[in-house]
Amino acid sequence: MGKRSRQRQKNQPAGRDNRDNRDDRDNAGWGAGYADIVKENKLFEHYYKEQGLVPDGEFEQFMEAMREPLPATIRITGYKSHAKEILHCLKEKYFKDIQELDIDGQKMEAPQPLSWYPDEQAWHTNMSRKIIRKSPLLEKFHQFLVSETESGNISRQEAVSMIPPLLLKIESHHKILDMCAAPGSKTAQLIEMLHADMDVPFPEGFVIANDVDNKRCYLLVHQAKRLNSPCIMVVNHDASCIPTLKIDCSGEKDILFYDRILCDLRIAVRGVEQLAVGGRMVYSTCSLNPIEDEAVIAALLEKSEGALELADSSADLPGLKWMPGVTSWKLMTKEGQWYSDWSDVPSSRHTQIRPTMFPPKDPEKRASMHLERCMRILPHHQNTGGFFVAVLVKKAPMPWNKRYPKEGGLVPLSGPDRRLSGGPDPHRNSLPPRASCGGGGGGRPPAAKKMKLFGYKEDPFVFLTEDDPVFTTIQSFYDLSPDFPKLNVLTRTHEGKKRHLYMVSKELRNVLLNNSERMKVINTGVKVWSRNSDGEEFGCAFRLAQEGIYTLQPYIRSRIIRVSVEDIKVLLTQENPFLSKLEDDAHAQAKKMVMGSIVLKYIPNPNAPAEPQCPIQLCGWRGKTSIRAFVPRNERFHYLRLLGVEVFRDKQGLGQKQKDEGKEEVEDEVEKDTEEEGAVENEGELDMENGDKNGSSQPKCDSGKQGTSS
């Protein structure tokens, strides 16, 4: 277990913040280790005592909580029906037994749900690695968490970082911008919310996830890719000057405004500029310092001249304990010098301390801002990190943008869009350089900044035409429905054979086509087909890709085999089982089908509650006399667990042991299977060149040939 990230190291400037490292905050969990640090800072304690942020009589509890390790916190990811099955597995297979466990005479406390997170989808525990090593049951629980995290079904995420997406109130049609998105835990939440209805393969909304750090963008891609959504785009920009995007609307070029935005300190102004009227922006920091919290919000509200207002979110997360925002605060230097008013600040400090760092002077103006609607989460109240969050609603265009009449989500583009590339900075000459927001002063936007590109040069995103030759055999082999959106299919090369085909939503296609020169896209789309060189012999050069099967399958009308729970167990634990190993129904379907790529589809039976109650769709290959599931290893383990098969690694790491609930041995071919699948393991690895997962492998079939990627 790591030290509590909410604490501030002794050598940090006093009176600043207890900001934790963003990676630690979003990925808090088992196994992180830090060197011991001194957990005492008198100036820090003095600063927060004087600010009065902690209720009377609670300051010692507050400081004690700051010194303790954070609990490990997990969030069940994925879409609704699958998430419910994972929750069922956790509660029935692990939590029940853990609470009866006794280690060294100490009764173990089972993980507890976060009371404020909906549907028991987030849990926390204080179990340490030392304790985990002492119990085979806890070791299996740990392996379950690690494996499900690798397959994207569980996310290790600090509790307070889960709050901002919940307060956005996402709906499936919302256009969402995550301005500083890496490492991607909150982005994953946004994607899940878009796909609340699993029966809709292409929600109207989308998420554009941005980060300024090129390398962190690839971490973001890796996180987002686990959810296999056609509605996510990862871009690489400085968020303080992220470009204004255009979209085509009925043949006219319009500016894209977002319905929902996540942002933090230095990018708030750029965020509200790109927010649609009626939209919500959540501003959050891991700081408890009013200078980086209420002072920023107050300055933003004042500059907005009524265009923004703080939303009352007090009833949005029942069970969450929080303190209302404050309306008065003081400044302290790292030497311990206090200032209550700008007039007290000596001129020698005017470059570090600015007027808007202080509370608004006018009592009426201060009251009208409703700063008490901000939410401050204190560490000792629910054993979390410290956090600040405010929800802003846009009531009108920003005053410096009023030349553009704004109705709904789009604004006619009349004149150069560079005029919307920045705006007045609420902390212009008011925040120290590290905390200033992008933009100009005096109510006039600055000149447009030329886009700088860093890092890898990305492969192009090339959309196919409806009459592209690749569709000829694909259309007939898979019997695609007439409403299949061919125009949403893209590849990553202008020349040569197309290796992989991807799909994006119609709305993201619109964004891509109209912004290729002003936007650096790292990755978008979900892979739906991969080239199989030998596939032409069987009728189609492209096999189905597991990543995109839930997106693509609604349009496929052939090559589908209905399978049972027992069929899936056979397919996921045996290599190339004979067709006769399937139950009679699936066997009969497979016999009627020619060789090639297939969909293995499980439909839940509501009259059999012991079986998984979520749909399962797997890519497979029908050989001459055998059949196989073409699924990456971690995903295989995930589905086996849903079917009641226990999958765990022995302590020596010598292989996988699998036992079902009846403790009967299940044939173990999963581990050795991976060697013979060749590049199928590569589907779980990041292709850094394309920011994608490499799915170049082909199923080994008993035709005497194995497909290869070209």
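Residue 1 is the first one shown; counting continues down the chain.
Here the Cβ of each residue, glycine as well, is placed from N, Cα and C on the backbone.
TrEMBL has this to say about the protein:
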type: BINDING; residues: Cys180, Ala181, Ala182, Pro183, Gly184, Ser185, Lys186, Asp211, Asp238, Asp264; note: S-adenosyl-L-methionine binding site
type: COMPBIAS; residues: 16-27; note: compositional bias 'Basic and acidic residues'
type: COMPBIAS; residues: 416-428; note: compositional bias 'Basic and acidic residues'
type: COMPBIAS; residues: 663-689; note: compositional bias 'Acidic residues'
type: COMPBIAS; residues: 693-710; note: compositional bias 'Polar residues'
type: DOMAIN; residues: 62-395; note: domain 'SAM-dependent MTase RsmB/NOP-type'
type: REGION; residues: 1-31; note: region 'Disordered'
type: REGION; residues: 405-444; note: region 'Disordered'
type: REGION; residues: 654-710; note: region 'Disordered'
Counting other CB atoms within 10 Å of each candidate's CB, the least crowded of the binding-site residues Cys180, Ala182 is Cys180
When the binding-site residues Gly184, Lys186, Asp238 are compared by other Cβ atoms within 10 Å, fewest goes to Asp238
Span of Cys180, Ala181, Ala182, Pro183, Gly184, Ser185, Lys186, Asp211, Asp238, Asp264 as binders of S-adenosyl-L-methionine, largest Cα separation rounded to whole Å, comes out at 20
